[in-house]
Amino acid sequence: MESKGSKQAARAIRQKRDMLQKTPDSLAKPQMRPPFAARATATWAKLWPYVWPSGRRDLLWRMFATLALLLIGKLVTVAVPYAFKWATDGLVGHSAAHHIFGFVAGPLALTLLYGLLRVAMAALTQARDAVFAAVAMNAVRRLANDVFVHLHLLSLRFHLERRIGGLTRILERGRDAIETIVRTVVLVAAPTAVEFLLILAVFLFQFDWRYTLSVAIMIAAYMAFTFTATNWRINIRRTMNESDVDANTKALDSLLNYETVKYFGAEAREAARYDKSMARYEVTSTKSYTSLTFLNFGQAVIFSLGLTAVMALSIAGIRAGRNSVGDFVLINAMMIQLYQPLNFLGSIYRDIRQATIDLEMMFDILGKDPEIADRPGARPLAVDGGHLRFDNVHFSYDPEREILKGISFDVPPGKTLAIVGPSGAGKSTISRLIFRFYEPASGAITIDGQNIDAVTQQSLRAAIGMVPQDTVLFNDTIGYNIRYGRADATDAEVHEAARLAQIDHFIESVPGGYGAQVGERGLKLSGGEKQRVAIARTILKAPPILVLDEATSALDSFTEGEIQDALDRVSKGRTTLVIAHRLSTVVNADEILVLDHGRIVERGSHAALLIHNGVYAAMWNRQNEVRRAEEVLRRAAQEETVAPHAAQADEVELEPRSYDEDDADVALG
């Protein structure tokens, strides 16, 4: 569960969207956007280095082979109608065909030639696509990986601002857009342009300028109508995509909170919420399909008019003796053959335009500079004991609300410092500053005398272990999640870490053992089991500095005691910072800080703070009252189950959820 401070911070971030537009990695769209043509040019320029594989000789050869197959294939494509023409002239006894080709000009031989040319055309097309596949997929892989890596470089502020469902949808569409653009341009758009030029040349040299002009006008009108109608459809499709993203985000959010939905019996409410988004998607997608039918009809009308015009010219030529019947067939075959790339033209423009928009959003992410970046010349952190120091640190998520106000403390190597206080006091913010998820507004944070903003983030985070309040596991095996602490750990080391975290017996008792799947976010494991996995991977990491951010606050008292024993073993000999609600978990700390409204109001050992009889002592007394009340309730519940329900004793939970967590939170608040 996120702390109140982090929730308020996220809310403040949303309220300050205008301010965040100025931050390096905000995705807020500017008020004025350049024309689509300019944006498309910029997007394609960014895509080009991924498409042209300059560093891969094997892929360069594939690219050149693709271009050669493209040109040869289109020459064969244009030659196909000529075999049809010659066969037709042979059937009607046209003397020119017999004079030119002699005995091979027989209709049967020419029909066979027609078939062979069509087979060759298909073979060249498929060979071109197969050769180019590796180039296209390499571009998809490289760009998708670059974006994925960049997402992990962006700040926590960026990820708090973005909705996970919307972000994954952008990545999914962007990945598809790369393949669409690369394949469409190289395998469809370029061949179509070559075919247009070859067919126009045939009409000009085989017939006369009137045929060429008619076809050119038809192509120009077809393109103009297609581009205009598609631009109109783009706005409809953009609205449809926004509705789609909204519906997917709501679905993902609801499924990720499956248990919460069940707790409140909110299935109908969630269904209604999702259906509301899908209703908007239904309306916009219906408009999209309707506009597509209008586009297709308009294209058919324009092509039919152009076809009729050149066929009429051909009939006039036959009557005048300038053309043969074979020429009539040639023109018809050429025009029908032209219809396929023209029909693709609409799809080409629609697909490229939409893919460009999707890819633009992906490049928007890739173009954002990380808010937190290593300084030029940053060196790895040199850890010598792990002496952690905060020196007059101030921090705010936004200028209007300061979270930390001059925080100073010292944690010598091997010592334990605890920070307690009410929710929203800034405790979890301190842990985020240690990991350098944010930069302090002023002051310094040092480890062994080195300012953490002067060392590499990788080395800083490698030196710190974290056991958070709400451990989220990867949807993989238990062994994978433990080994996440150190990827090169052996099986024996993983098993030893599990033993020290007191989870080895549980793992060995489940089917599959260390190979058992934990489910998405670790939902198949209990809270205590997830915390033990988190402890095990921290043991495996073996960091010199340890941060325990309310690591037991979400657990019942019995489980808390077991987890606390494991945490004590992990923190022994390490510089440890403990952030806690429950004061019983920090009584052995070398020093305790009481934080309230971003300031340290008390500090000292547990005994000294009780003697001081201030804020800490009042919190301790309230939590003791809660624990005593919980113990009375627990014993009463056990007594009720002994005699009357002895037959069902095995089914009664012996460790009911305790009340001290909620009551303690109230006391601390």
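The backbone N, Cα and C atoms fix where each Cβ goes, and this holds for glycine too.
Automatic prediction, not curation, is the source of TrEMBL annotations.
Per TrEMBL, the feature transmembrane segment maps to 59-84 (among others). Long-range Cβ contacts of the transmembrane segment (59-84) within its own chain (Cβ-Cβ under 8 Å, at least 6 residues beyond either end) map to 52-53, 110-111, 113-114, 117-118, 120-121, 124-125, 127-128, 131-132, 134-135, 138, 186, 190-191, 194-195, 198-199, 202, 326, 329-330, 333-334, 337.
Here TrEMBL flags 64-354 as domain 'ABC transmembrane type-1'.
Residues or ranges marked as transmembrane segment by TrEMBL: 96-117 (among others).
The transmembrane segment annotation in TrEMBL covers 181-205 (among others). Beyond the ends of the transmembrane segment (181-205), by six or more residues, the same chain brings 44, 47, 51, 66, 70-71, 73-75, 77-78, 128-129, 132, 135-136, 139-140, 211-212, 215-216, 219, 310, 331, 334, 337-338, 341, 344-345, 347-348, 351-352, 355-356, 359 to within a C-beta distance below 8 angstroms of the stretch.
Using a Cβ-Cβ cut-off under 8 Å and counting only residues 6 or more beyond its ends in the same chain, the transmembrane segment (211-232) has close neighbours at 196, 199-200, 203-204, 291, 294-295, 298-299, 302-303, 305-307, 309-310, 313-314, 331, 335, 338, 342, 345-346, 349-350, 353. Look at TrEMBL and you will find 211-232 (among others) tagged as transmembrane segment.
Long-range neighbours of the transmembrane segment (294-318) within the same chain, counting only residues 6 or more positions beyond its ends whose Cβ lies under 8 Å from a Cβ of the stretch, are 203, 207, 210-211, 214-215, 217-219, 221-222, 225-226, 229-230, 233, 324-325, 327-328, 331-332, 335, 339, 342-343, 346. Residues or ranges marked as transmembrane segment in TrEMBL: 294-318 (among others).
Residues annotated as domain 'ABC transporter' in TrEMBL: 388-622.
Annotation comment: TrEMBL describes 637-669 as region 'Disordered'.
The compositional bias 'Acidic residues' annotation in TrEMBL covers 660-669.
A mean pLDDT of 87 is what the model gives for the domain 'ABC transporter' (388-622).
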